[in-house]
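Quick look at what Swiss-Prot lists:
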- 144-307: region 'DNA-binding region' (REGION)
- Gly432, Pro433, Pro434, Asn435, Ser436, Gly437, Lys438, Ser439: ATP binding site (BINDING)
- 578-604: region 'Disordered' (REGION)
- 587-604: compositional bias 'Polar residues' (COMPBIAS)
Amino acid sequence: MADPKGSTSKEGFGDWCILEADCSDIENDMEQLFERDTDSDISDLIDDCDLEQGNSLELFHQQECKQSEEQLQKLKRKCLSPKAVAQLSPRLQSISLSPQQKSKRRLFAEQDSGVELTLNNEAEDVTTEVEVPAIDSRPDDEGGSGDVDIHYLSLLRSSNKKATLMAKFKAAFGVGFNELTRQFKSHKTCCNHWVVSVYAVHDDLFESSKQLLQQHCDYLWVRGIDAMSLYLLCFKAGKNRGTVHKLMTSMLNVHEQQILSEPPKLRNTAAALFWYKGCMGSGVFSYGPYPDWIAQQTILGHNNAEASTFDFSQMVQWAFDNQLVDEGDIAYRYARLAPEDANAVAWLAHNSQAKFVRECAAMVRFYKKGQMRDMSMSEWIYTKIHEVEGEGHWSDIVKFLRYQEVNFIMFLAAFKDFLHSKPKKNCILIHGPPNSGKSSFAMSLIRVLKGRVLSFVNSKSQFWLQPLSECKIALIDDVTDPCWLYMDNYLRNGLDGHYVSLDCKYKAPMQTKFPPLLLTSNINVHEEANYRYLHSRIKGFAFPNPFPMKSDDTPQFELTDQSWKSFFERLWTQLELSDQEDEGENGESQRAFQCSAGSANEHL
């Protein structure tokens with residue numbers, strides 16, 4: 001018979017089990033026991049402090065929550081297991097509208113063989129679910145905005161919103177946004193014409209914008225395809241990009257990121273045809289007449305042939321009539337005339353704009369110089385004072401001369417000989433201390449008669465006297481000792497009123513007379529013995545008193561163009577200036593100077 005399993009009876013192991021302990025006298029010694037206890041390495045083994053109950057309620061609450069969570073997981077596993085849904089249709093796992101990623105948080109805690117695994121260490125078993133975007137199921141009449149929400153989501157998901165909008169624009173209209181517009185880098189640059197594309201606009205706001213924008217625009221072009229809306233806005237006043245965006249966002253209730261805005265291409269025929277042909281199709285709303293830049297490039301008419309040819313004589317005539325001789329002024333102002341003048345448009349389209357501007361300025365100077373030489377001093381003064389607008393009073397000049405202790409009768413006699421360029425009397429000197437009004441008085445006279453000012457600082461150049469050949473009256477302001485010495489050495493004949501040889505740039509020396517020359521200086525040349533040969537050639541008047549000013553720092557005597565105009569009109573006879581009616585043909589008005597070819601449609 002086999003041995004029974006397990007241990008044997010008590011008799012079997014009585015040999016090795018010690019039934020009684022040995023007694024020792026050493027352990028019975030109490031003193032040694034206490035000493036051994038104090039030498040122990042374990043301190044505070046027994047806690048003798050008072051006991052506290054602790055937060056047992058919180059522990060109980062945690063245990064209850066853990067138990068409830070376990071019961072809830074079991075209930076979900078039993079009733080709502082996703083594996084049961086996948087078993088009904090296994091092909092659902094392969095259907096997905098967008099790439100899916102494994103969920104980082106598990107909804108169901110699975111158990112295997114009755115042992116619950118932790119959520120962090122368990123391998124996930126996730127089923128692929130079909131995602132369908134939530135669309136507002138409300139009908140349109142109840143304010144449903146499901147389609148607009150889809151457009152917003154597609155825009156928000158894109159990393160480059162501008163590129164996304166441009167791609168959608170090209171897909172909708174069949175043409176790139178940059179093909180219709182030119183780029184403005186700055187948001188502060190103003191322009192009257194703007195191309196605006198807005199994405200995902202509500203239909204009601206889109207329709208209302210067609211009426212609201214009419215009060216801001218002279219021309220309006222609107223079209224909407226799918227989610228894209230395109231506007232061509234020709235505003236009544238220039239606006240920058242920030243102002244346009246502010247207007248559109250407030251009117252259409254959209255964000256600024258949904259807007260593309262640039263000015264249109266004004267000189268591109270293909271772009272102009274896009275807007276022109278768009279008006280002929282259905283679905284486009286337009287308001288107002290075509291802008292000029294569209295009409296000129298798309299509509300054929302009798303003006304096209306004329307606009308394509310540039311007439312240089314018309315440009316010269318325009319500059320002559322507007323008294324323009326500077327190249328910069330001619331170029332800028334003629335370019336601004338382009339919207340109104342077909343010849344200016346043709347000039348802008350020409351490749352030789354700078355060449356025409358230089359030649360135009362040169363021709364105007366030639367005509368002005370010839371016109372000046374053809375006029376007498378009386379006719380010149382009459383012409384210039386009638387170009388002055390407004391009225392003044394001649395007494396301001398007379399009062400100022402009397403304030404400076406100048407005998408007005410003597411000044412009037414000297415001024416008469418000065419204007420008529422009598423020999424040895426065509427040079428007047430005004431001298432006195434600083435701040436006495438010498439330069440103000442002389443400059444006001446030169447300004448109204450369109451004279452020239454010479455500066456001795458240019459005396460190192462042999463052409464510094466060239467302006468004397470291009471004016472009727474001249475001024476050298478603030479003459480000092482070096483200038484007096486130069487005049488004493490080289491300008492005696494010129495001050496006498498005789499012919500001199502004047503060297504001009506790019507020309508041979510020419511024979512001419514000095515015009516009436518006005519001088520201002522702090523030096524009384526008549527008291528200087530070194531310049532005794534100039535005493536008989538110069539008539540001097542002293543201004544000893546400081547120039548008077550009002551309490552508001554304005555001049556007490558108004559030496560303006562209007563004052564000189566009234567002065568010449570009042571003293572025309574005393575200055576022995578010729579009557580302009582006698583110089584004309586029986587008082588009849590003479591025809592203005594014309595340097596352009598006459599037109600066939602010109603009035604007789």
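From the backbone N, Cα and C atoms, a Cβ is placed for every residue, glycine too.
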* Structure fact -> Per DSSP (three-state), Lys438 (ATP binding site) is helix
* Structure fact -> Restricted to the region 'DNA-binding region' (144-307), the mean pLDDT of the model is 88
* Which residues, in sequence order, are found in the same chain with Cβ within 8 Å of the centroid defined by the Cβ atoms of Gly432, Pro433, Pro434, Asn435, Ser436, Gly437, Lys438, Ser439 at the ATP site, excluding those residues themselves? -> Asn522, Phe543, Pro546, Phe547
* **Among Ser436, Ser439 [binding-site residues], residue with fewest other Cβ within 10 Å** => Ser439
* What residue among the binding-site residues Gly432, Pro434 has the most other CB atoms lying within 10 A of its CB? -> Gly432
* Least buried by Cβ count (within 10 Å) of the binding-site residues Pro433, Gly437 -> Pro433
* Ranked by the number of other Cβ atoms within 10 Å of their own Cβ, which of the binding-site residues Asn435, Lys438 ranks first? -> Lys438
